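Before any comments, here is the structure.
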Amino acid sequence: MVKLTHLLARAWLVPLAYGASQSLLSTTAPSQPQFTIPASADVGAQLIANIDDPQAADAQSVCPGYKASKVQHNSRGFTASLQLAGRPCNVYGTDVESLTLSVEYQDSDRLNIQILPTHVDSTNASWYFLSENLVPRPKASLNASVSQSDLFVSWSNEPSFNFKVIRKATGDALFSTEGTVLVYENQFIEFVTALPEEYNLYGLGEHITQFRLQRNANLTIYPSDDGTPIDQNLYGQHPFYLDTRYYKGDRQNGSYIPVKSSEADASQDYISLSHGVFLRNSHGLEILLRSQKLIWRTLGGGIDLTFYSGPAPADVTRQYLTSTVGLPAMQQYNTLGFHQCRWGYNNWSDLADVVANFEKFEIPLEYIWTDIDYMHGYRNFDNDQHRFSYSEGDEFLSKLHESGRYYVPIVDAALYIPNPENASDAYATYDRGAADDVFLKNPDGSLYIGAVWPGYTVFPDWHHPKAVDFWANELVIWSKKVAFDGVWYDMSEVSSFCVGSCGTGNLTLNPAHPSFLLPGEPGDIIYDYPEAFNITNATEAASASAGASSQAAATATTTSTSVSYLRTTPTPGVRNVEHPPYVINHDQEGHDLSVHAVSPNATHVDGVEEYDVHGLYGHQGLNATYQGLLEVWSHKRRPFIIGRSTFAGSGKWAGHWGGDNYSKWWSMYYSISQALSFSLFGIPMFGADTCGFNGNSDEELCNRWMQLSAFFPFYRNHNELSTIPQEPYRWASVIEATKSAMRIRYAILPYFYTLFDLAHTTGSTVMRALSWEFPNDPTLAAVETQFMVGPAIMVVPVLEPLVNTVKGVFPGVGHGEVWYDWYTQAAVDAKPGVNTTISAPLGHIPVYVRGGNILPMQEPALTTREARQTPWALLAALGSNGTASGQLYLDDGESIYPNATLHVDFTASRSSLRSSAQGRWKERNPLANVTVLGVNKEPSAVTLNGQAVFPGSVTYNSTSQVLFVGGLQNLTKGGAWAENWVLEW
């Protein structure tokens, strides 16, 4: 391995404390921070989470539930009145005495159940009702009826109201509240559903956790700016899950015997049935997975459940996206290239150097990004004119665009509010927003003023009718100064570095330094490295350890071991939104909802408190940014947005990155399950900060991670301020590993793009779990260390240090599936259900092609623009039955409504391959070659539409059974898909 000390000797490597001195406080003189917000400003109340509180009441034990009456049936379902079945328990709020139940069979595969208060008015409607202007509800189809539904609802009043959602085909209860009580209060709702003994649930995000949810998990859902802690609430809110159940039986005769995945035998035949459940709610949530039950708890809102009957996992995802939250946005072709970013690029020259180094080492680069370093005083839409001047930027970006590359800057959710006593501190963006009065308010009507990077800040009120136009206009104004190609929308949970409106009365202290040390400042030098760094870099590790110990000793503080917890006693008819009586296990200090966030009492223009819509802030900001980019590009170019906080449906506007992860092997490991979850949520454009964000990376970790992320839809390297540089050209072995994986990625970009078109038009997934692609194999239910890219490619990455092999399973082997090694093109010899040991030395990532698929490919290049100008190739991997199929979608790669498109279908048999194209997009590049895997005998001749292919261009390997047909350019000069053709051998 190349040691760190050797790397530091290389002239083009930036020193360890990369950019710290310039980037931390580098702003124009009038905006130099002189005041540091005290750390106490972000200290909230000390609360104890209900699940950890020995004094907490169990609502199931003390609440009476409800009784149903006045049932009225209609063609699409029924309604009923629910009345409290006893004395109010008021355990975590005020009981709602009268509820209305609505059951609607919305389509053959979709059912909706609503339970909402019967009596509300304008003063409390937002406590329970989520406006359809914010989150649309799924609509019933014209032909929907009870008789046509896959599902059926039954209910009972014994001992209190409960209901079941039953799959007609099996009689299984997919959702059952039998034996439990419904608790419905103004700040607390609880309902419980039964689950099978050994259940397989996926989703319920956002969390860093196992792909198949643990059966004793406590899942808090409340968007939070808190890095990427394991098993805690993160940035987004996705109260949707997939439930897969396995059976031994026969669909034809209706025989279904439940099977536990842990007891399944890979040599046996099974079937599976999956369904999905979505809770349309934007309040804080807690979902407790227990033995044979799931407990839903919310801090408000209503019960608005939609059930999707599947029965395959792919069906569930399609039903959820097409009917309820919206189909994913179609991405620009170029966004599938490689993206490079870091917090600490100090000026345009730094960016130019990075681009030059990618070219020097011939590593593909599509997008260069900047973090908050470019900003004037960390203000949105305003460049630092000393380091990121508009004139220098225009020159740099012109050259960047000429080279076929692009630029994305970060934009934060908060906006600086200038110092009223400093005329030089003027900020036009704030002035325009204030003129339109589009910022969040305190309950008394004054501005809510929090604190983020620039100091004291205000926050757009997305409920204000002028807010989206204001935001869009700021993007348009800025775009005339900086020719950016997308937006990275951050800090949108929405984050604030203090509790409450801490800037009220303190604006004369602006600009202000955050209440915590920034990376690289004295006391926060980054000494952390990956887990195995001490083994492979002993000298450097010892030095880092000594530095860390010294820093820890210098900054050590004493803490009290005695903690007094604040507990809120419910007041009848009154809500306490800052400290609700029920305390969710929120992963901020003290579990206080106001810590490191805009307070729940911040008020929107329509009177709605942030408490009721907290989960939507980032979602609405993504919509505003999407609308803004439409204006920037005159509704011609697809907006490219990567956002941090997301909600159900955010995928129709943006992609998502995994947040502030760590340069650790465990962080790389969990990136797969996080990506698969976001596939489920309908946000396929997902990627993790490759090589890790927090802490220093090292050669081995970055080597493996650059290869893993090459198969994620969004592929970006990013790290934090003051850590060592980790661009892929920093280590010799990483250069080669990156180029090796990128050669595959860039070759299959047409396949990736086709997958995105299918996701955008049908609701299919791009990155897939093995259990979704092979739904009838229970042994795959928990697999999270390998994954599929579409239906054709399987990736088996190395996820631990100091190894040269990896274990991988080959699904379907023994049941007709054939797998081919990408590199050797030979069929894999594997046994059913066996974790096969695969050679994987550093720099090699095992990749396999599934038999039965045809991949359209082009030659790799340094940019996607260059790659799109290269000849075509096809890789046809024959299945065990000697057939294969595939498809290709093409357009101009960026238009929202392309003037011309092309769809190509490919089919292959044991002796031929056919191409059939439809559409008006003119693809001029010829077909160069076709490779067919699994050809069991050497052909005597090869023809294309009856014309003989020159024998010298045809090779056959009898050992690997690979047929290669080259020399096709002259036969396809008009374009590979200009006419339909058949290749015969």
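Cβ coordinates are placed from backbone N, Cα and C, and glycine is handled just like the others.
Among Asn253, Asn957, the residue that Swiss-Prot annotates as N-linked glycosylation site is Asn957. Cross-referencing Asn601, Asn661 with Swiss-Prot, the residue annotated as N-linked glycosylation site turns out to be Asn601. Of Asn623, Asn929, the one with N-linked glycosylation site in Swiss-Prot is Asn623, while the others lack that note in the record, though it may still apply to them. Within the same chain, the residues at least 6 positions away from Asn534 (N-linked glycosylation site) whose Cβ sits under 8 Å from its Cβ are Ala541, Ala542, Ser545, listed in sequence order. For the pair Asn347 (N-linked glycosylation site) and Asp490 (active site, nucleophile), the C-alpha distance works out to 21 angstrom. Note on proximity: among Asp490, Asn537, Asn601, Asn623, Asp660, the recorded positions of the record, the Cα nearest Ser562 (O-linked glycosylation site) is that of Asn601.
In this structure, of the glycosylation sites Ser545, Ser562, Asn601, Asn623, Asn970, the smallest number of CB atoms within 10 A of the CB marks Ser562.
Fewest other C-beta atoms within 10 angstroms, among the active-site residues Asp490, Asp660, are seen around Asp660. Each of the glycosylation sites Asn347, Ser895 was scored by the number of other CB atoms within 10 A of its CB, and the lowest score belongs to Ser895. Under the DSSP three-state reduction, Ser562 (O-linked glycosylation site) is assigned to coil, being neither helix nor strand. Taking the Cβ of Asn537 (N-linked glycosylation site) as centre and 10 Å as the limit, one finds 22 other Cβ atoms among all the protein chains shown. Distance noted between the C-alpha atoms of Asn537 (N-linked glycosylation site) and Thr36 (O-linked glycosylation site) is 38 Å. The shortest Cα-Cα distance between Asp660 (active site, proton donor) and any of the recorded positions Thr36, Asp490, Asn601, Ser895, Asn970 is the one to Asp490.
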